[in-house]
Every structure is written in structure tokens, then in C-alpha cells.
Amino acid sequence: MPAGRYDGFVSLKDETLANLPPPFANLDTLTQMFANKTLSQTDMVVLSGAHSIGRSHCSSFSNRLQPSANDNSNTSMDAMFAGKLTQDCTAGSDPMVPQDYKTVDVLDSQYYRNVIDRKVLFTSDAALMTSLQTKSLVQEYTKWLIGDLKWYKHFGDAMVKMGNIEVKDSTKGEIRKMCGLVN
């Protein structure tokens with residue numbers, strides 16, 4: 001990311017939800033939310049690859065754990081995977097599980113394989129298989145390996161575009177001396 005961005009004087013976590021795609025979003029909603037921030041569907045698919053790392057509370061996808069019988073649609077969850085998650089999600093009030101169950105905490109192409117195999121937590125991830133354009137990108141990024149510069153270039157470009165959304169100036173923010181603290 002280019003250096004020297006201004007951080008806001010106040011950061012409120014409640015203000016983030018309106019700007020983040022919900023985990024239950026369909027492709028039209030995702031596409032519109034990204035377009036509203038000047039990001040393309042290609043940006044959306046490549047940035048979704050960040051779901052290769054991280055965790056989610058079970059409450060964010062619990063609606064997907066009971067798929068209809070014989071539902072093998074693009075957005076349904078694999079039944080065996082749903083069964084495993086059902087077991088993992090009963091361990092507490094709202095436990096967290098890895099977003100990529102196979103290569104936890106590794107930024108790699110496994111996320112895209114999981115999308116194809118219907119082994120993703122969110123409807124918004126599964127929705128990437130519902131159009132020819134996004135499905136094609138998912139399949140293309142499945143071939144990405146560590147050291148393959150194409151995905152990294154696309155990801156880096158999309159991150160820079162995202163970093164340039166609603167950039168603050170000195171009247172609305174500051175360059176912090178310590179990231180977690182207002183000067």
C-alpha cells in the first residue's frame with residue numbers, strides 16, 4: 001500500500017458493517033457493493049481469496065448448516081462439510097472456526113478449491129460460482145500456486161484500489177505515530 005494515508009480521528013466498529021458485504025449476500029448484492037466502492041467483479045473474486053486465512057463465528061453461517069435434502073446447487077454447502085461444522089459449532093455459545101479448513105492460516109489457492117467443492121462458510125463465497133464470469137475466475141485462481149505472480153499481482157492491484165477508497169485528508173484524519181492510538 002502507498003504510505004502516508006490518514007487515519008480517522010475516530011473509528012467505530014459499528015460503522016464498518018454497512019460497508020462490508022454480509023456473509024449471506026448473493027452475487028448481485030456483492031457486485032453492487034463492490035461497484036459502489038469502484039471495485040470490479042474481478043477485484044471482488046481476487047479479494048475474496050483473503051478468506052483463505054481468518055476465522056468466522058458460527059453464527060455468520062449457521063443458516064447454511066442444514067441444507068435441503070439432495071441440494072447440490074452452486075450455493076449449497078457440501079453435506080459432509082456441513083455435518084463437520086455442525087459438530088464444531090455446538091462446542092460453545094458462538095465458537096469460531098477457520099474459514100479455510102484445509103490450509104488454515106496459509107494464504108494459498110485452497111480457498112478457490114473450497115469454493116468449487118462447496119466447502120466454504122459463507123453464501124457470499126458460494127455465490128462466486130453463480131455466474132460464468134466469476135466462476136471462470138475462481139477456476140483460474142484455483143491454479144495459482146505460491147510463487148505464481150499473476151494472482152499476487154491481481155490481489156496487490158485490488159488492495160491498492162481498495163486502499164484508495166474514501167481517502168481522508170488532514171481535515172478528517174491524521175497520520176498516526178502509533179497505529180492503534182490517536183495522536
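Residue numbers in this text run from 1 along the chain shown.
Glycine is no exception: its Cβ is also placed from the backbone N, Cα and C atoms.
Summarising the annotation, TrEMBL assigns substrate binding site to P21. What TrEMBL records for H51 is heme b binding site. TrEMBL lists D100, T103, D108 with the feature Ca(2+) binding site. Under the heading disulfide bond, TrEMBL lists C58-C89. According to TrEMBL, the domain 'Plant heme peroxidase family profile' annotation covers 1-183.
Structure with TrEMBL features highlighted.
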| residue | record | contacts (Cβ under 8 Å, 6+ apart) |
| --- | --- | --- |
| P21 | substrate binding site | T29, L30, M33, F34, S124 |
| H51 | heme b binding site | Q99, D100, Y111, V120, F122, D125 |
| C58 | disulfide bond | L85, D88, C89, D94, P95, M96, V97 |
| T103 | Ca(2+) binding site | S52, Q110 |
If the Ca(2+) site is taken as the center of the Cβ atoms of D100, T103, D108, which further residues of that chain fall within 8 Å of it by their Cβ?
S52, I53, K102, V104, D105, V106, L107, S109, Q110, Y111
Among D100, D108, the binding-site residues in question, whose Cβ has the most other Cβ atoms within 10 Å in this structure?
D100
